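Engineer: Here it is, the structure in full.
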Amino acid sequence: MLSSKLFCVLFFCLGLSNGWPQFDFMNQMGFGGGFNNGPHPNSRPGSRPNSPLGDIFGNINGMVKGITDQIGKIAQGLDVNNDLGKMAHGPPPPQSEWVEHARRFCRRFPGHPKCRGQLPQFNDIGSMLNGILVDSGKWLPKVPFINIRDPLSGINSDLKNALNGIQVQFGQISQQFANNIRNICQQMNCKQQQQKNVQMKQAILKQTVDFEKKVFGNNVADKMNLRFDRTLQLKQALLEKAQLKGVVAPEDNGVFDKDLLLTETQANFMLNELGKGGEGAIPMPGSAKAKRASIFFEQNLIQKWPSTSPIPYTFDSSLDNLDQNDVRGAISEIEQKTCIRFKYFASPPKGNHINYQKVNSPSFCGLSYIGRVEPANPVYLSFQCGNGRGIAVHETMHALGVNHQHLRMDRDKHIKVDWSNINPQQYDAFVVADSKLYTTYGVKYAYDSIMHYNAYTGAVNIAKPTMIPLVNQQANIGLLGQRAKMSNADVEILNKMYCKSAGCDDKNVYCGAWALQDLCNNPNHNVWMRSNCRKSCNFC
C-alpha cells in the first residue's frame, strides 16, 4: 500500500507544476486559515534568494515521475481511461490485455464511434480518448428523463414577480460575462487537463472503492466512474449553456464546485435542468420510464438525516489523534449550537453514517456529498490547510445538506463576481446553484458564513479578488472564506433544517426568497404564506 508520506509528497509535487501549491489552492478556497484571506505573495515559495526551500522543492520535483508511476500502478484497473492514457505512451500490450481494456471502455462509453459493432483496436486509442473532456456525454449511457415539477405552477403572479432578479436560470450568464471568459482563454490554454486533476480523481476513486469494499463488501469502481463521468458531463453542459462549448474543457477531477461529490441522482437532476435528459447512447437499466422528482430538501427526506436519533460517525484508521480531535471539535461546535446530535462508533456501523477519512493531499482541503447518501457518507479531509476543525465543520455541514453560501440564488445582490478574472476551467465553482434544489429558509446572506469561499477563489490574477462584497467591501472581503467558527446564519439554517417540530415545514422551495422580501406578513399573501411557508416565515 502506498504510504501516507508518499501520498503527501505526490500531491505536493503535482501542485508545484502549476504555481504555488498551497497558496494557489488553499487561500483561494478560503480553507487555509493561516493565510488571512488576503492577496497572494508575489513570489513563489522557495524561489526567494538563499531560501533552503528552493533546493527542497527541486529535489521533490525530481521525485515526481517515480511517484506518479507508483500511484498509477496502485490505481490500475479502477479507471479504464487512466489505464488507456498510460498505455498510449508505451508499446502495444498483449492482445488479451488490450481486449479486456477495450471491452471496459465500451461498457463505459457505449456510444463511442469505435465501439459500434466491434471492439476498437490498439491503434484507435487516440480517437478513443479524444474529445472525452469536451463532450463525453453523448457517448455515455443515456441520462434518464426526469419530470421536474415546476415549483411556481399555480403560484400567485405577485409572488412570481417577486422573484424577478433573484430566480436565475441554472447555468445562464450574460453574453458579456461569457465574452470575458473567452478573452481569458486567449491568454491561457483552457483545454489542457492538468496532471493534478487526474491524480486527484484517481486518489478519490481509490479511497472510495477501498472504503466500500472494506466496510460493505461492494466493488463500486463502475458506479464511482459513472458518478465522475456524470459530474464531468454536468460541467460540460454548464459550459455549453454559457456558449463556451469547445472553448473550455472543465477540470476532470471528479468533484463539483471544488469540494462537492455528486451522486448520480443529483447529477442527473441538474443535467435534466440543462436539457440533457435522454442524451446518451443506450438507456440505463430501469431508466426507460420517466421519473418524477422534487429534490427540494423538505420534500425529499432521503437526503435528510433523521432528527429522532443521533447521527452515527466513525473515523478511518488514516486519522491520527490530532486529526480526530479536529473532527470532534467540529462535531462539538455543531452540537453546542444546534439540536443535532452525533454518536461515535469505533468501527463502521451498518446503515447510514458519516465516515471521516484522511487523504494526504494539498490539492484539496476537504470533500463531501451534500445530504445523506447511500450506503454511507465519506468525508475526505487532508488536514493540510490550517484550521482543520473549521474545515471539518464546513464538510460536515455539506453532509447535513447545506450548500455553499456564495451560490445562493440571491448571491448577485450581495457579491459581484469578476468574470474577467476567473479560471474558465473552474466555471462550475461560480454558477449560481439550481434554484429548485436549495432554499435559504429566510436566512439572510452572511459574508462570514463558514460555507462561503474566499474572495480569491479561482482567480487568474491572484492579486485580484473574484468575489467582491457589495456591502462594506473593505470590512467584509476579509470575512469571506473564514473557517474560525460557524456564523449566526450557519447556526440558524441548521436549526431550521433539523430542529423544528413535526409539521413545521415549507411547501415551496422559494419560501425563503419570499420571506427575505418581507412577504410573510404581507396582507395580500399572509394566509397563503402561513399555510405554505411556515418554516421560512418563522410561523412555527
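Any Cβ shown, glycine's included, is placed from N, Cα and C.
The annotation disulfide bond is assigned in Swiss-Prot to Cys339-Cys499, Cys365-Cys385, Cys504-Cys540, Cys511-Cys533, Cys520-Cys537 on the grounds of sequence analysis. Under the heading Zn(2+) binding site, Swiss-Prot lists His394, His398, His404. Here Swiss-Prot flags Glu395 as active site, drawing on sequence analysis. Annotation source Swiss-Prot lists domain 'ShKT' at 504-540.
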Engineer: How long is the line from the C-alpha of Cys365 (disulfide bond) to the C-alpha of Cys511 (disulfide bond), rounded to the nearest angstrom?
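Structural biologist: Distance (Cα to Cα, whole Å): 33 Å.
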Engineer: List the other residues in this chain whose Cβ sits within 8 Å of the Cβ centroid of the Zn(2+) site residues His394, His398, His404, in sequence order.
Structural biologist: Asp259, Leu260, Ser368, Glu395, Met397, Val402, Asn403, Ile450, Met451
Engineer: Express the distance between the Cα positions of Cys511 (disulfide bond) and Cys385 (disulfide bond) as a whole number of Å.
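Structural biologist: Between the alpha carbons of Cys511 (disulfide bond) and Cys385 (disulfide bond) there are 36 Å.
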Engineer: On a simple 10 Å Cβ count over all chains shown, which one of the binding-site residues His394, His398, His404 is most densely packed?
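Structural biologist: Top count of Cβ atoms within 10 Å goes to His394.
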Engineer: Which state, by DSSP, holds Cys533 (disulfide bond): helix, strand or coil?
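Structural biologist: The residue in question, Cys533 (disulfide bond), is strand (DSSP, three-state).
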Engineer: Cβ distance under 8 Å to Cys339 (disulfide bond), same chain, sequence separation 6 or more: which residues?
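Structural biologist: Looking at Cβ-Cβ distances below 8 Å from Cys339 (disulfide bond), excluding near sequence neighbours, one finds Ser307, Asn495, Tyr498, Cys499.
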Engineer: Measure from the CA atom of His394 (Zn(2+) binding site) to the CA atom of Cys540 (disulfide bond) and give the result in Å, rounded to a whole number.
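Structural biologist: Distance between the two Cα atoms comes out at 27 Å.
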Engineer: Across all chains shown, how many C-beta atoms besides its own are within 10 angstroms of the C-beta of Cys540 (disulfide bond)?
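Structural biologist: Its Cβ has 12 other Cβ atoms within 10 Å.
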Engineer: About how far apart, in whole Å, are the alpha carbons (Cα) of Cys385 (disulfide bond) and His394 (Zn(2+) binding site)?
Structural biologist: 13
Engineer: Within the chain of Cys504 (disulfide bond), which residues six or more apart in sequence place their C-beta under 8 angstroms from its C-beta?
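Structural biologist: In sequence order, the residues whose Cβ lies under 8 Å from that of Cys504 (disulfide bond) (at least 6 apart) are Arg534, Lys535, Cys540.
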Engineer: Quick check for the class: what is the C-alpha distance, in angstrom and rounded, between His398 (Zn(2+) binding site) and Cys537 (disulfide bond)?
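Structural biologist: Rounded to the nearest whole number, the Cα-Cα distance is 24 Å.
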Engineer: Quick one: of Cys511, Cys520, which of the disulfide-bonded residues has the smallest count of other CB atoms within 10 A?
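Structural biologist: Across Cys511, Cys520, these disulfide-bonded residues, the one with fewest Cβ atoms within 10 Å is Cys520.
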